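J.: Sharing the feature lines straight out of Swiss-Prot:
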DISULFID  Cys99-Cys191  disulfide bond
CARBOHYD  Asn5  N-linked glycosylation site
TOPO_DOM  1-27  topological domain 'Extracellular'
TOPO_DOM  49-56  topological domain 'Cytoplasmic'
TOPO_DOM  78-101  topological domain 'Extracellular'
TOPO_DOM  123-141  topological domain 'Cytoplasmic'
TOPO_DOM  163-198  topological domain 'Extracellular'
TOPO_DOM  220-239  topological domain 'Cytoplasmic'
TOPO_DOM  261-275  topological domain 'Extracellular'
TOPO_DOM  297-315  topological domain 'Cytoplasmic'
TRANSMEM  28-48  transmembrane segment
TRANSMEM  57-77  transmembrane segment
TRANSMEM  102-122  transmembrane segment
TRANSMEM  142-162  transmembrane segment
TRANSMEM  199-219  transmembrane segment
TRANSMEM  240-260  transmembrane segment
TRANSMEM  276-296  transmembrane segment
Amino acid sequence: MGDWNNSDAVEPIFILRGFPGLEYVHSWLSILFCLAYLVAFMGNVTILSVIWIESSLHQPMYYFISILAVNDLGMSLSTLPTMLAVLWLDAPEIQASACYAQLFFIHTFTFLESSVLLAMAFDRFVAICHPLHYPTILTNSVIGKIGLACLLRSLGVVLPTPLLLRHYHYCHGNALSHAFCLHQDVLRLSCTDARTNSIYGLCVVIATLGVDSIFILLSYVLILNTVLDIASREEQLKALNTCVSHICVVLIFFVPVIGVSMVHRFGKHLSPIVHILMADIYLLLPPVLNPIVYSVRTKQIRLGILHKFVLRRRF
């Protein structure tokens, strides 16, 4: 591809390639992704509606699950428009301003997911290690402040990224590797010195995903230590069972993130399609699987869904 310099352009335009080399199956892939988005949308909306309707679920743990569901909706909807435009409508062009906005939302929701998972780990820590103080520590006001802090942190760390990208010139082509805009994907097209942006991005990842994962791990070390001090084995299993759903969603989020990082750092020899699929998985897997995990593993939510969609229709 020839050089593409936007120095004189009013606004540069990027080309979203979707799945390079698999253009002949884009229509079939669009069906699969539409189904995945539909599952994510219906699952998270169901979780939100059940928690909203059932007064017995108006508790700290379920409020955090609601925040996670809202974030998962945002994460899936941030990639949906361009994904379907590329795969379904064969419309790969995207203006730079729209691209910057999309990557801002994608990365904000990603970091917000990590923040919410950390808050949920804190919820489990307080519930198991300090059960008598649980209602007084995690009040509605405190939960609201935690949610706001998570949002502000995510917005704050991501906001400089598109602001820096707006001042860059791009002379290494205009084709992006994915069906949506990602920070590193846009950055590699720049002919401006991008070390500041690149270093900032690395620092943000370490300070958010890295620190969050360490504190989540630490919380479970403390939880396990408390559980082992419980005399009754039945009570031990009961306490641990309340953490299973959260552990599952933590793995669903962090395992693909680690996989993407490993492939990006050490998988230069791999086919580009592997990198693309890994990015798609890490963005789409949590919104699709999280509501399924909570529907299957959390008894109160499962009963709420049955009451809302099955029992009410019978009567």
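Glycine too: its Cβ is placed from the backbone N, Cα and C atoms.
Not measured: the values here are computed from a predicted model.
What does the local environment look like for each feature on the list?
T.: Following the DSSP three-state reduction, the secondary structure of Cys191 (disulfide bond) is coil. The number of other Cβ atoms within 10 Å of the Cβ belonging to Cys191 (disulfide bond), over all protein chains shown, comes to 15.
Across the topological domain 'Extracellular' (1-27), the prediction's mean pLDDT works out to 69.
Only residues 6 or more beyond the boundaries of the topological domain 'Extracellular' (78-101), in the same chain, are considered here, and those with a CB under 8 A from a CB of the stretch are 6, 11-18, 26-27, 29-30, 33-34, 37, 109, 162, 165-166, 176, 179-181, 186, 283-284.
Sequence-distant neighbours of the topological domain 'Cytoplasmic' (123-141) (same chain, 6+ residues past either end, Cβ-Cβ under 8 Å): 60-61, 63-64, 219-220, 222-223, 226-227, 239, 242-243, 246.
Helix, strand and coil content of the topological domain 'Cytoplasmic' (220-239), in residues and according to DSSP, is 16 helix, 0 strand, 4 coil.
Note on the transmembrane segment (28-48): residues 18-19, 22, 65-66, 69-70, 72-73, 76, 80, 83-84, 87-88, 284, 287-288, 290-292, 294-295, 301, 305, 309 of its chain, located 6 or more positions outside it, place their CB under 8 angstroms from a CB of the stretch.
Note on the transmembrane segment (102-122): residues 61, 64-65, 67-68, 71-72, 74-75, 78-79, 82, 94, 146-147, 149-151, 153-155, 157-159, 161-162, 180-183, 186, 204, 208-209, 212-213, 215-216, 219-220, 246, 249-250, 253, 283, 286 of its chain, located 6 or more positions outside it, place their CB under 8 angstroms from a CB of the stretch.
If you look at the transmembrane segment (199-219), the same-chain residues 6 or more away from its ends with a CB under 8 A from one of its CBs are 111, 114-115, 117-118, 121-122, 124-125, 153-154, 157-158, 160-161, 164, 183-184, 187, 250, 254, 257.
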J.: Within 10 Å of the Cβ of Cys99 (disulfide bond), how many other Cβ atoms can you find? Include all protein chains, please.
T.: 23
J.: The transmembrane segment (240-260): which same-chain residues, six or more beyond its ends, come within Cβ distance under 8 Å?
T.: 61, 68, 113-114, 117, 120-121, 124, 127-128, 209, 213, 216, 220, 223, 227, 278-279, 281-282, 285-286, 289-290, 293-294, 297-298
J.: May I ask for the residues of the chain that lie six or more residues beyond the transmembrane segment (276-296) and have a Cβ under 8 Å from a Cβ within it?
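T.: Same-chain contacts beyond the ends: 19-20, 33, 36-37, 39-40, 43-44, 46-47, 65, 68-69, 72-73, 75-76, 79, 106, 110, 113, 177-180, 182, 245, 248-249, 252-253, 256-257, 259-260, 263, 302, 305.
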J.: Residue list, the topological domain 'Cytoplasmic' (49-56) vs rest of chain: Cβ under 8 Å, 6 or more residues beyond ends.
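T.: The answer is 62-63, 65-66, 300-301, 304-305, 307-308.
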J.: Below 8 angstroms Cβ to Cβ, which residues of this chain, lying six or more residues outside the topological domain 'Cytoplasmic' (220-239), approach it?
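T.: Same-chain contacts beyond the ends: 121, 124-125, 128-129, 247.
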